[in-house]
Amino acid sequence: ASSIGGKKHSISTDYVLKVLGLDICSDTFVGNDMLRGVSGGQRKRVTTGEMIVGPRKTLFMDEISTGLDSSTTFQIVKCMRNFVHLMEATVLMGLLQPAPETYELFDDVILLSEGYMVYQGPRGKVLEFFESLGFKLPPRKGVADFLQEVTSKKDQAQYWADPSKPYVFIPVSEMAIAFKNSRFGKSLESTLSAPFDKSQSHPSALSRTKYAASRWELLNSCFAREKLLMTRQSFLYIFRTFQVAFVGFVTSTIFLRTKLHPVDEINGNLYLSCLFFGVVHMMFNGFSELSLLIFRLPVFYKQRDNLFHPAWIWSVVSWSIRVPYSAIEAVVWSCVLYYTVGFAPSAGRFFRFTFAQFVLHQMAVSLFRMLASLARDLVVANTFGSASLLLVFLLGGFVIPKDQIKPWWVWASWLSPLQYAQRAVSINEFTATRWKKISAIGNNTIGYNVLHQHGLPSAKYWYWLGVGVLIGYAVIFNIIVTLALAYLNPLSKGKAIVPEETEENSVRKDVESEKLTSDSSSAQGSSKKGMILPFEPLAMTFHNVNYSVDMPV
C-alpha cells in the first residue's frame, strides 16, 4: 500500500503519526515565537518523528525530558516504546530522574557511574543484582532514585540491608567488578563475544549512499515542500501582488500621460525619474526574502546535518520556485504603469521593459537571499541589507550621474547592479522614434540629451548588456547562497561565563562581598576569567496557585 502513488500522505507517515500520538495534531502548525502551535511535548515528538519516518531504526536520545513535566515525559517515552516494539527498533535514552511510571516503560537499564558500567541488563533484574551486594530498595522509593543514590558515598548507607555484617562503603569500581562476575555480566560478555553471522544481515542494513533517495526524488520532494510552503504563505504573496498594483496605480497618477509629452528635455527628465522609481521599487520588493530565509535556516541546518538532502538541491528549488512569482510581479507592474504613464507605445519595447523588470526582481531576490545566508541572523542581515540598498542606490547612476562620481569610487559604480538596470530601461525608452526629434538645445536629439545629461550611454546594445549583467549577478548570488548553505553553520548564541570559585576566593567573598575585581580573582588563583552578572535577590510570593497534571493512562 505504501508504494501506491497519488496519495497525499504515505502509509509510513500515517503509521508514525499514530505511534507517536501525533495524529490528533497532524494538521496543526508546529509554531514559533509569533505563532501558537503544538505543545512542548508534541514538538519534541515531531522532532523524533522526523528521524524515525525514514529507514532509521536506531536512535540515541540524551536528556529529552529537559523543560518538560513528568506527564509529558511519560507520554514521549511511551510513544518511543511503541515505536521500538511495533517497528523493531532500538533506542538508547538517557533521562534525568525519571518518574517511576516512566522508568517502568524501559526494557533494559544501563547504570553508569564514575566511568564504570555498574549494571547493564533487564530492568526487572536490577534490584536482584543490588540485593546480592547487600542493598535493598526501601518502601515508597522510586527505583530510578535508588539507582542514582546507591553509588553515592553520601547516600549509600541508607540502603544497606544485610544485618549479618556491618556496613562498609562499596566503591563504584568494586560494584563494576561484581557485575562482571555476576551472571548478568557473564551473560552480557558471552553475547558480545559471539561473532556476528553476516549471512543473517539484510542487504539494506548498512547505508551505501550518503542520502536515502536519489537526486531526482530529493528534488521532487523539496519542490513539493516549497510549493506547500508557498501555498501556506499565499496571503503574503497575494498581498505583495496587490501592493505592486497599488503602488503602480499611485505612480501612474503622479506621472500621468496627459501631463507628460516627449517634446523637450524637461519632460524627458520626468520620464527618466519614473523609470528610476520603478527600478527602485522592484529592488525593494526583494527585501522581504531576507527575513523569510532567516526564519527557515534553523530547520534547514537540522535537516542538512541529518543528511535529509544536499544544500544545492534546497537552494536551487527555493530559487527556481520564485521565478514565476517574479514574472507575475513584473507583468503586474508593467501593465499598470507602462501605458498609463505613456512610455514608448511599441509592443516590443513594452515586452523588453517587462523582461528587464523581471530580471531585476530576480537579481534583488538573489541579493537578499545571499545576505541572509551569509549573516544567518535577522539583525545582522537587516543591517547589511539596508546598507547595501543605500550603496546600490547611491552608485546607481541617477542620484549622482556617473560622470560626477569621484575617480576613486568609479569602480564601485560599475559594480552596482542598479546602474545596469537603469541603463537598460533608459535605453529601451529613449532610443524610441519619438525621442529622435532634434532638440532646441544643440544639434542632438532630445533622447540623446536626456541620456547624456545623466551620464547614461546612448548605444542600443546597452539594453541587452544591462540585462545580461543582471542575469549574471543573479546566478553569482545564487551560487554564493548555495556555498554558504553547504559550508556555513548556524551562529551559536553567546553565554555568560562565571569563573569557578576556589576556597580562598570564597573566603574573600565572605569578607568583602560588595566588590569583586579581576585583579583580586587572579590574585586568589582563579584559573578562568569571565563576566560576572549583577544579581539582586528578590522575594516572590504567590497566592491561590493551582497546578494540574494529567495522570498517565
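Using the three backbone atoms N, Cα and C, a Cβ is placed for every residue, glycine included.
Going by TrEMBL, these are the annotated features:
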- 219-430: domain 'ABC-2 type transporter transmembrane' (DOMAIN)
- 235-258: transmembrane segment (TRANSMEM)
- 270-295: transmembrane segment (TRANSMEM)
- 379-400: transmembrane segment (TRANSMEM)
- 435-498: domain 'Plant PDR ABC transporter associated' (DOMAIN)
- 461-488: transmembrane segment (TRANSMEM)
- 502-528: region 'Disordered' (REGION)
- 505-517: compositional bias 'Basic and acidic residues' (COMPBIAS)
- 518-527: compositional bias 'Low complexity' (COMPBIAS)
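Comparing 235-258, 270-295, 461-488 for CB pairs under 8 angstroms to the transmembrane segment (379-400), the maximum falls on 270-295. Mapped onto DSSP helix, strand and coil, the domain 'Plant PDR ABC transporter associated' (435-498) counts 36 helix, 2 strand, 26 coil. The predicted model assigns the domain 'Plant PDR ABC transporter associated' (435-498) a mean pLDDT of 85.
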